[in-house]
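Participant: Per TrEMBL, the features are:
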MOTIF     107-124  motif 'Cysteine switch'
BINDING   109, 262, 266, 272, 280  Zn(2+) 2 binding site
DOMAIN    149-307  domain 'Peptidase metallopeptidase'
BINDING   202  Ca(2+) 2 binding site
BINDING   212, 214, 229, 239  Zn(2+) 1 binding site
BINDING   221, 222, 241, 244  Ca(2+) 3 binding site
BINDING   244  Ca(2+) 1 binding site
ACT_SITE  263  active site
BINDING   351  Ca(2+) 4 binding site
REPEAT    392-438  repeat 'Hemopexin'
BINDING   398, 443, 492  Ca(2+) 5 binding site
REPEAT    485-532  repeat 'Hemopexin'
Ligand SMILES: [Zn+2]
Ligand SMILES: [Zn+2]
């Protein structure tokens, strides 16, 4: 049966006309349909839920079960699950149901939740009984291992330092995110922050991979899961998972600004909040247009440090940070000139890329795009709007189709199509109208099929550009693209007949004849037509 599925997979990528294969395909259609239904289940687009034992590990790690005692009876587990479900706004069943499993697998802060619950209990007691009260003796007994609540800095002027920087993100953008994250909290309280680049600082931000000398329980777990953690005053440290796919202006990856702002909250003494929209709630939140801090975050920081001296809280909406970042990007790109250093996207950080009929590569990032000639000469960056009016910033996928000589762009749950004269009538269309998923990983035109291929998670979709309808028997598993990893960020059907897949600084060369990857490497140092290699050569010649 497995052989049968593989053959169908090859045929769908590589249509053959031989009769025997056709017969084989017919005999496999039912099986394919069955496989498609299973693979196409939306549940599989999410991370796999943890099994029962790792659910208990999770409850231990985040402070719902006592860690020292690994034998937990049903009542303890039931109570722990109820507390977790309450904090995460799930139906409080006390059972490890599928909603609870999926919540456990979602990306979050690595700091335990139990102190947050204590702080919340105190706050609620304060509302009903006046003033802050101690948690009841039962809670104290159960959680006596943890340090006192209400730890805070005993000064209002604090210094901070970025100890090291994440890969793949421009340092200037990260510096802007850090500055803005501290400003969020100083705008809402009597605190003031100052950056110091050397010497000692009260609060230090650092990026680490895996185990990093603060206990196995705090070891980072690679992409997803725990994204970062921080220590309460007065240790003043926030650690971020270096292996995470961080972003500042795109949908792909986790927004570093939001995570820094959350962890800085911990370094100031704030606990996790059960308020759904609070920045200090334990689960990862995207940067939206709304204000970043909720009333609960503001109350919490003011309880520790008081109101701003002006008496006025200045709230920062998410879009203010987004536009500050865009301004930074434009000013940085404005100073970049071809023939000097490699263009900024060569550090492996781009939103999408494609190649047009002349073999010119187009690389997209934020509100800009670069063109690269087949010989590797890169243009100055140009605003997207100049060539594709009405296209949103930070697109998620782009594909040029030689069949209709059009550009297809994807962002969120919408698809744009442009001819040389502008956006086509009726576009943007909803992805669902085309049978495509929202937020695709990447898209490319595949001449072998004469269709557009869209990758998302572990599946790929095929869009017939003539009918704008999905091809039957798709989506299918990425296993059909033997050797291509999950999570690629862009792909190009090259005039040499191969398809090149990109993920961070790596590339994979897929041979449609052999239906498998036949080569891989680092694109910025090996593929001339990315525009990164030529500048390196010029640099070497000068030396
Ligand atoms: Zn946290
Ligand atoms: Zn750490």
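A Cβ is built for glycine as well, from the same backbone N, Cα and C atoms used for every other residue.
Automatic prediction, not curation, is the source of TrEMBL annotations.
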Participant: What is the interatomic distance between the Cα atoms of residue 262 (Zn(2+) 2 binding site) and residue 244 (Ca(2+) 3 binding site), given in whole Å?
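Facilitator: The Cα atom of residue 262 (Zn(2+) 2 binding site) is 16 Å away from the Cα atom of residue 244 (Ca(2+) 3 binding site).
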Participant: Nearest to residue 229 (Zn(2+) 1 binding site) by Cα distance: which of the recorded positions 221, 244, 263, 398 is it?
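Facilitator: When the Cα distances are compared, 263 comes out closest.
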Participant: Measure from the CA atom of residue 214 (Zn(2+) 1 binding site) to the CA atom of residue 443 (Ca(2+) 5 binding site) and give the result in Å, rounded to a whole number.
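Facilitator: On Cα coordinates alone, these residues lie 41 Å apart.
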Participant: How many helix, strand and coil residues does the repeat 'Hemopexin' (392-438) contain under DSSP?
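Facilitator: Its residues fall into 4 helix, 21 strand, 22 coil.
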Participant: Counting other Cβ atoms within 10 Å, pick out the least crowded of the binding-site residues 212, 229, 239.
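Facilitator: 212, out of the binding-site residues 212, 229, 239, has the fewest neighbouring Cβ atoms within 10 Å.
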Participant: For residue 272 (Zn(2+) 2 binding site), list the number of other Cβ atoms lying within 10 Å of its Cβ atom.
Facilitator: 27
Participant: Among the binding-site residues 214, 239, 241, 262, name every one whose Cβ is found under 6 angstroms from ligand 2, counting any of its atoms.
Facilitator: 214, 239
Participant: Do any of the binding-site residues 109, 214, 221, 222, 398 touch ligand 1, in the sense that the CB is under 6 Å from one of its atoms?
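Facilitator: Among 109, 214, 221, 222, 398, near ligand 1: 109.
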